[in-house]
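Participant: Would you mind keeping the following structure in view while I ask a few things?
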Amino acid sequence: MDRLTPRIRDYAWGSRTALAELTGRPGPTDAPEAELWMGAHEGDPSGLSRGREETTLDRIIEADPDGEIGENTAVQFNRRLPFLLKVLAPEHALSIQVHPSSDDLLTAFHGTYADRWPKPEAWLAVTPFEVFAGSRPYAEVVALADLLGAQGFSALVQAARSQSRPMHALLSALLRLDADRAGELVAQVCEAAARHTGDETVAAMLRVAEDFPGDIGLIVLLTMRYRVMQPGDYLFVPAGVMHAGVRGVVVEIQASSDSIVRAGLTSKRIDVAELLRIVDTDRSMVPERGSRDGRVVSFPVDVPYFQLHQVLPGAEPVVVPGAHRPRIVLALHGEVVLDDGADQLRLASGDSAFVPASQERVTCSGDGTAYVATTGLAH
């Protein structure tokens, strides 16, 4: 097992205090800190020391894929670690995103995506976390349009009624508006929304509007399901589902990929045709709780790329889940002690470690909470 050096990503939407507090550093920081990365993603692989060598996790895996990530994982995922563990700490909303499935990638135009891997992901709330995820039923959007009384929005909502997929038709209509009409619609809807802040979705959209004035993504948010995840809530986001984190702290696990299409709240290009090809406007996401076995809480998902477990604090050692598979262990809110029978590794809050597949039995104890990322591929 090796101590990792995680990477901090300083995107503008990040917090100047949240990650610093979790990792025991003084804050506020000079620049926003949006994400803490732990993995072998080629964009910013975690550092580690093995023996006297300072190296990175991707290089360690490349040198001995069978020993580091296991033969099965190496075969299925082309000798690469298929997951990336993160801590996300947005202070401002992220762009509205959709990720493709494996089948979507096979039929996409060359160059549409940054890589050829799908990007399902899941969030486990550390603090209350605001998120828009999945689409609302069409009937709810009709009711919201009636509440707001914004004529332009109501007209688009009603025009979609006769379509076989009204939510998809509404999204298409919104994203195909020219810039002038989109700006007029957003201004009209925000003016109407200011009179109805008792609706939590409307109020959340108006808070986002402070950072994205005039962005058509604000109207897209009104077609999505708004939630406030509570600590311990878990939300799996499969391919095709629109989502946008807004504020709070979550542990995120995702397939190691950059395959993204955006739907708003961004200055980057929106590939409307590709978005409409892959988006699933029939999914309404609901946070869940994990299943507990002793001090281990598991959050199962139906994808092979990742699996997330939580080991709750306790003095008695607990076997770290994921034997015969690669694991990354993150400590939060206290100290976590890893023990492989020969050595111990003490992780303070914000520290992390890589446990190779060849290291079958490792135990965990301490007054901190351990987040264990591994593959969903059984031995």
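Keep in mind that glycine also has a Cβ here, set from the backbone N, Cα and C atoms.
Below are the features listed in TrEMBL for this protein:
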- 3-137: domain 'Phosphomannose isomerase type I catalytic' (DOMAIN)
- Q97, H99, E121, H243: Zn(2+) binding site (BINDING)
- R262: active site (ACT_SITE)
Participant: Within the chain of H243 (Zn(2+) binding site), which residues six or more apart in sequence place their C-beta under 8 angstroms from its C-beta?
Facilitator: I96, Q97, V98, V131, F132, A133, G134, M224, V237, M285
Participant: When the pLDDT values for the domain 'Phosphomannose isomerase type I catalytic' (3-137) are averaged, what is the result?
Facilitator: 96
Participant: Looking only at C-alpha atoms, tell me how far H99 (Zn(2+) binding site) is from the residue listed as 'active site', rounded to the nearest Å.
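Facilitator: Rounded to the nearest whole number, the Cα-Cα distance is 9 Å.
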Participant: Sorry to bug you, but what's the C-alpha spacing from R262 (active site) to E121 (Zn(2+) binding site), rounded to the closest Å?
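Facilitator: E121 (Zn(2+) binding site) to R262 (active site), Cα-Cα distance: 15 Å.
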Participant: As a quick check of your reading of DSSP, tell me how many residues in the domain 'Phosphomannose isomerase type I catalytic' (3-137) are helical, how many are strand and how many are coil.
Facilitator: 29 helix, 44 strand, 62 coil
Participant: Using Cβ atoms only, which residues of the same chain lie under 8 Å from R262 (active site) while being at least 6 residues apart in sequence?
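Facilitator: When sequence neighbours closer than 6 are ignored, R262 (active site) has S95, I96, Q97, V98, K268, R269, I270, D271, L275 within Cβ distance under 8 Å.
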Participant: Return the single residue from the binding-site residues list (Q97, H99, E121) that has the minimum number of other CB atoms within 10 Å.
Facilitator: Q97
